[in-house]
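What TrEMBL annotates here:
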- 6-184: domain 'Cytochrome b561 bacterial/Ni-hydrogenase' (DOMAIN)
- 12-31: transmembrane segment (TRANSMEM)
- 52-69: transmembrane segment (TRANSMEM)
- 89-109: transmembrane segment (TRANSMEM)
- 116-136: transmembrane segment (TRANSMEM)
- 151-172: transmembrane segment (TRANSMEM)
Amino acid sequence: MSGSFRYDGVAVFLHWLTAVAIIALLAMGLIMTDLPKGSALQFSMFQMHKSVGISVLVLTLLRLAWRLAHRPPALPDDMPAWEKAAAHAGHLVLYLLLLGLPFSGWALVSASPFNIPTVLFGVLAWPHLPILSTLADKKPVAEALEDLHSAAAWVLIALLVVHIGAALRHHFLLKDDVLRRMLPRFSPSSRSANP
Ligand code: HEM
């Protein structure tokens, strides 16, 4: 348990790696579903989307394990209680989406009647989920999971807008350490007056 004002290096690394992966996944997801059906480009974007998406699932499990073993820095003392509660609730829902979204993606490809294998980054065969891959009538289940995956992605986008907006508000309006504590240490702006 440390009283440091910032997150440790592993937490910071996993946070920004996840952030880059999520932006890429959202962009790929929105672009690839508009490409001509069955085109080679659509196929390779689906494979890349699935590869990065499963990586986010694994990264999030690692992140949660790290988070449970390492206490995060305390929020500023002068932050109102409702804002602290809102921040914790928002982070909890973000974690749920970071697990639920990739899981629903995995489920939808498992239930797909097209039965397309997932090969992570072209090298590692990733299995379909049992039960879903052996359903007699896959189509309605796959369609419902596609709708769920898409709806969850839009909820994530909305929550990211709030998350990023809150971080920028703390940094530029309230001028506290809330964003700085999640910035990599080599960044000049990550130096705090009260380390
Ligand atoms: C955090 C992780 C993920 C995010 C943020 C994400 C995001 C998205 C988005 C925005 C779309 C477009 C939805 C729409 O049409 O409106 C999409 C579609 C899709 N995603 Fe993901 N995804 C994630 C993980 C995964 C994983 C792990 C898989 C599979 C292993 C996957 C498989 C798919 C497939 C197959 C589609 C196309 C569905 C369709 O044909 O309508 N996704 N995803």
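Cβ atoms are placed via backbone N, Cα and C, with glycine included.
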Cβ-Cβ under 8 Å with the transmembrane segment (12-31): same-chain residues at least 6 beyond its ends: 6, 45, 48-49, 52-53, 55-56, 59-60, 62-63, 66, 98, 153, 156-157, 160, 182-185
PLDDT averaged over every residue in the domain 'Cytochrome b561 bacterial/Ni-hydrogenase' (6-184): 96
